[in-house]
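In what follows, a single structure is set out as structure tokens and then discussed.
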Amino acid sequence: MRLPWELLVLQSFMLCLADDYTLHGPVFVQEPSHIMFPLDSEEKKVKLSCEVKGNPKPHIRWKLNGTDVDIGMDFRYSVVEGSLLINNPNKTQDAGTYQCIATNSFGTIVSREAKLQFAYLENFKTRTRSTVSVRRGQGMVLLCGPPPHSGELSYAWIFNEYPSYQDNRRFVSQETGNLYIAKVEKSDVGNYTCVVTNTVTNHKVLGPPTPLILRNDGVMGEYEPKIEVQFPETVPAEKGTTVKLECFALGNPVPTILWRRADGKPIARKARRHKSDGILEIPNFQQEDAGSYECVAENSRGKNIAKGQLIFYAQPNWVQKINDIHVAMEESVFWECKANGRPKPTYRWLKNGDPLLTRDRIQIEQGTLNITIVNLSDAGMYQCVAENKHGVIFSSAELSVIAESPDFSRTLLKRVTLVKVGGEVIIECKPKASPRPVYTWRKGREILRENERITISEDGNLRIINVTKSDAGSYTCIATNHFGTASSTGNVIVKDPTKVMVPPSSMDVTVGESIVLPCQVTHDHSLDIVFTWSFNGHLIDFDKDGDHFERVGGQDSAGDLMIRNIQLKHAGKYVCMVQTSVDKLTAAADLIVRGPPGPPEAVTIDEITDTTAQLSWRPGPDNHSPITMYVIQARTPFSVGWQAVSTVPELVDGKTFTATVVGLNPWVEYEFRTVAANVIGIGEPSRPSEKRRTEEALPEVTPANVSGGGGSKSELVITWETVPEELQNGRGFGYVVAFRPHGKMIWMLTVLASADASRYVFRNESVRPFSPFEVKVGVFNNKGEGPFSPTTLVYSAEEEPTKPPASIFARSLSATDIEVFWASPIGKNRGRIQGYEVKYWRHDDKEENARKIRTVGNQTSTKITNLKGSALYHLAVKAYNSAGTGPSSATVNVTTRKPPPSQPPGNIIWNSSDSKIILNWDQVKALDNESEVKGYKVLYRWNRQSSTSVIETNKTSVELSLPFDEDYIIEIKPFSDGGDGSSSEQIRIPKISNSYARGSGASTSNACTLSAISTIMISLTARSSL
């Protein structure tokens, strides 16, 4: 053990090297573990691992059963990098408990204990065993009796040189090695051999065979189960291990085995059953698995029960370890370690490997260690040891005691300290020193004395209050302990204080206004000044809230705040904070914002009838402007959003918190809300009230647009528009349809009990075609009948026309058009005729795909267009009315003409002379499948007009007399019996500006202006015949 002064030198040396290479006590990197060594191992070497780090490098030694291992006295022992190697290990000399001890100049620590055991299995001593004779049906046990051994064993049996299998009748206990046969059968006769295996060495030995024979003196009768294999009354089980319980019974008949918990709880689902339920295995054993278990063996003769208690235990496990501590002299040390375990661990403490006991300054209580007034002799390595009967764990830490003279090298006094007149200054003095030094202060060369303004704290800090200009100067802190003295100096500069000259004032504003809150100060101009503003305790972020807040002022003594477009949310407390390096002050103002009222609260429907609702509410915030009125709004499933409703009183003033809504529809679900208003504006609406349905009432609204007509023979069809659901006034809504022949007195009635009904058909053979009926439709609901609609006249269904049209004739007009003629039906026709339907189809098409057109009234001809040229068409005509169509006329045929010429006129040339335009073009020749050209159409119009004039000619030229001051657009196309042919391109003839001009269809660039003529003369002069 080093002397205290040597430790002091070592500690100082440590501090010098701390930045480069840290010195510390020993720390285990790896501790030894339990070893089960096979005695017959070919390796012939055991290694107990121990790895330690520390600076200086620790010295390692070992203990066996508490005694030092002298590696110099036994060549078989050697220590290699901390680990203990044992050559040719001997179970007599080397078995036991080992510990690794590590020591350097800081102290000593000991490792956990590690057991070295030797695994072996000797041979059976006896070579023969006596014959066992049993009756058939009797239970039997064959003993194994394993030879001397170390290490876990497993057991099996050989029957007549074959492995004996296990079932509900045979069981091999892995606890005793015995073979149990619940009920012997004739097939069990033979030789039985116990096979024992060491699970560590895998060495296997066979016992002497045991012959089994059957007795001749009878068969064993039935008997109740007798449990021969059962687990102990208490079974300790470690946390996380796999627990196996054995249970087997002899009996006739062969018993069944059942496992259960005595407390009635179900056995954990993770549990498994083996060997015909003879083994209960519980993996990963936990606290909740502990308890009383029962094995029930049962057959037809009775049952037997074995009980045992599974007791949970756990080796100690650290919850809180101890850590290294560096402490100054004369201070205190407190360590606490905590560990879990079952049973609860006890604690002891070691210092440098030796037991530490309570005495003087050292107090030990379970897992806590307290050392007061620490000195150098307390430095060393400490270990907290937690243990129960199932294990021991160690936690190590180093206690370093620091002893040094005062040192300001890293904690110099602040070079310059600024303070305002009248303020307070604290100059910190924090040298590194152990033990704590005594402090004195100087101002300049004079020792400072404490007074009502000047105090020196225990930790050395100097405090001056009510500072004056005379307090400026240099101050020196002097620290002294019994290892030396040191000092450090700093300066105090006294500045004028900051004062608020124009503080912000509280204001009362309206939503939407903008204001400026002033904040102007006087301050020492040698100091930087910073203005900040807070709103309701939170700093204003001028970047984030720049839409409303802006700093204004423009000089270092002003920090005014502008608030733009003030909203209700801007009401509250505003604080201007002014800060320099010597002081900090604030000035506050309250801003009241007046705005439209907030939403009313708790809108309630107090009473509701069929057309009224009594409402009440609580006023919301008035936002500093009295509420002048309330408006009630309602919403139903049928309305478009919220609608204002009529109330009593008609105008609800701001002091009234109840109103009656009138004019509601019966049997409609309503919800209401309230909107408040004041002189500033209309506020937000309240939350909606609950939904309530008005009471039922007699229906008042009748169906609209009552009409009808049509239908089939002997039918009267009546139609109407349904009454909307919101106007039905109650449940069970339906319609009453009333009708009678025109001029009769008695109404016929029918009831339709469906709100969706919109049509009624009366069928009766007595109904004559197209007879007038007076019709009205009424309404009813569960409350009773409502009114009828006004009476209207509706005609019964017509009868289809009974005669076909006569004298059908058709002619072709062109390649695409034909015209059809017919005469009214001959003879008396029972159904009235509303018009005619013409059906036509091409010869190559099917009649069912025919197209149809209809005429209205007495029209007896029609034109059919958009047909194909040179095609044969079939036509037929029928008369029709609302009941349908009558019989068809005879079919007539007509062939459309050949298509018109497809070639347009070409080589068009125009000349102008003396206010005339002469057009010439080439003759168009029709193709074989086209109609012959019969002439030409010249189409012309003013450029600015849409109406077109047409001239027909059978020549290939035309002369036009046109006004002189207009541009003209001209087209030319041939015509034939098949219709008009293809048109030429448009020709633009510009204004005529001289007496002669010419052009062609391919060019429109010549500009010509006709001399003034007020009329258009058209002269047709043929240049060549067609």
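Cβ coordinates come from backbone N, Cα and C, glycine included.
Cross-referencing 685-710, 841-866 with TrEMBL places the feature region 'Disordered' at 685-710. Under 8 Å from some Cβ of the compositional bias 'Polar residues' (886-896) lie the Cβ atoms of residues 800-806, 808-812, 814-818, 820, 822, 825, 829, 831, 839, 843, 867-880, all in the same chain and six or more residues away from its ends. For the domain 'Ig-like' (32-117), the DSSP counts in helix, strand and coil order read 4 helix, 47 strand, 35 coil.
The list of residues near the region 'Disordered' (685-710) in space but at least 6 beyond its ends in sequence, with Cβ under 8 angstroms from a Cβ of it, reads 599-601, 603-605, 608-611, 613, 615, 617, 620, 633, 635, 642, 664-675, 716-723, 727-731, 733, 735, 775-790, 792, 794-798, 882-883. In the predicted structure, the domain 'Ig-like' (497-586) carries a mean pLDDT of 89. Highlighted: of the candidate stretches 32-117, 406-493, 497-586, 804-899, 32-117 has the greatest count of Cβ pairs under 8 Å to the domain 'Ig-like' (316-400).
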